[in-house]
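Just below is one structure, and these are the notes that go with it.
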Amino acid sequence: MHGLAMILSLPLYRIPPPWSSSPLSYSYDLRLHRQLASPRQLPLLWFASPPRLRRRSLCTSTLASGPATGALLQDAGATAAVLAGAYSLVRAFDALTENNLIEQQNLSRKLVHILSGLIFISSWPIFSNSAEARYFASLVPLLNCLRLVINGFSLTTDAGLVKSVTRKGNPEELLRGPLHYVLILILCSVIFWRDSPTGIISVAMMCGGDGIADIIGRRFGAQKLPYNQHKSWAGSCSMFLFGFLVSIGMLYYFSSLGYFQLDLTETVQRVALVSLVATVVESLPTEVMDDNISVPLVSMLTALLTFNY
Ligand SMILES: C/C(=C\COP(=O)(O)O)CCC[C@H](C)CCC[C@H](C)CCCC(C)C
Ligand SMILES: Nc1ccn([C@@H]2O[C@H](COP(=O)(O)OP(=O)(O)O)[C@@H](O)[C@H]2O)c(=O)n1
């Protein structure tokens, strides 16, 4: 059976809406299990199959080498691919700024700020279901952490990196916002991973919420906050809205892949609360803690208290 015919022969499963309060139906599991039992028909849904079913197909397809070896190879490949993606993203924005396709270095930095973390957590499903997968994934921010430290102390000079992720082009700046950013990604990968909404929401608020606040606030932030003349209503409102929408979108993405099931109404209420708390904290006129620490940490705490995992 050639490729197209094979794909067309696949029964079109309707993945139960991730917001359904009832767990995956037995008939769905049974049908998908039947489908996965035959390696030749590893369906396009393999990627989207609930993790517990994926283990069987992985074992089926790696009987010769053993499931552990298959998972190790999968995680090593995924780590290499995401590392390459991280390097390419920074290089791409460096080139766009160099060629004046992005007129402002700050805009370039903020787009790297928004995209890096969101694409990173979006890549989590390509890692295996092994217990070690989260540690492989955390290698990406860890190696970027080392890169920031080495360049931050000017042990080497990566001009493209400095230009793409610093405000003023000083290498020491790499040791503040960017370093805090990757440390949070390591923490969320190892502690929460893709099994909990907490880490996903924290990264979404740090990247989507805090990142957009700067872009919108700098451009449309004429009306300053009464208690902080450096922050504006436009920046804070955009942080709340974008942080909320990106968090909901990322939770939908992971729940549609079967990592967890969430009740829509409760999730909207809880994420709105997390986004509100993070937005208020970000707007405070304190310089005690970098936003890349305070925003994800307060999001983590609020999400843990509301989602309980
Ligand atoms: C610009 C960044 C932080 C600065 O924040 P702020 O000072 O504006 O508040 C982000 C720094 C990103 C870092 C250099 C690279 C991180 C890569 C990430 C771990 C993996 C991305 C992989 C994906 C495939 C792009
Ligand atoms: N809530 C916010 C956040 C930022 N901003 C604007 O974005 C600029 C940078 O914000 P920021 O110092 O929080 O930037 P980062 O620390 O996130 O890099 C501020 O000086 C404001 O012009 C805003 O107007 N309202």
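Each residue, glycine too, has its Cβ placed from N, Cα and C.
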Legend entry - Of 70-90, 133-153, the range TrEMBL labels transmembrane segment: 133-153
Legend entry - Long-range Cβ neighbours of the transmembrane segment (133-153) (under 8 Å; 6 or more residues past either end): 71, 75-76, 78-79, 82-83, 86, 120, 123-124, 127, 161-162, 171-175, 178-179, 182-183, 185-186, 189-190, 193-194
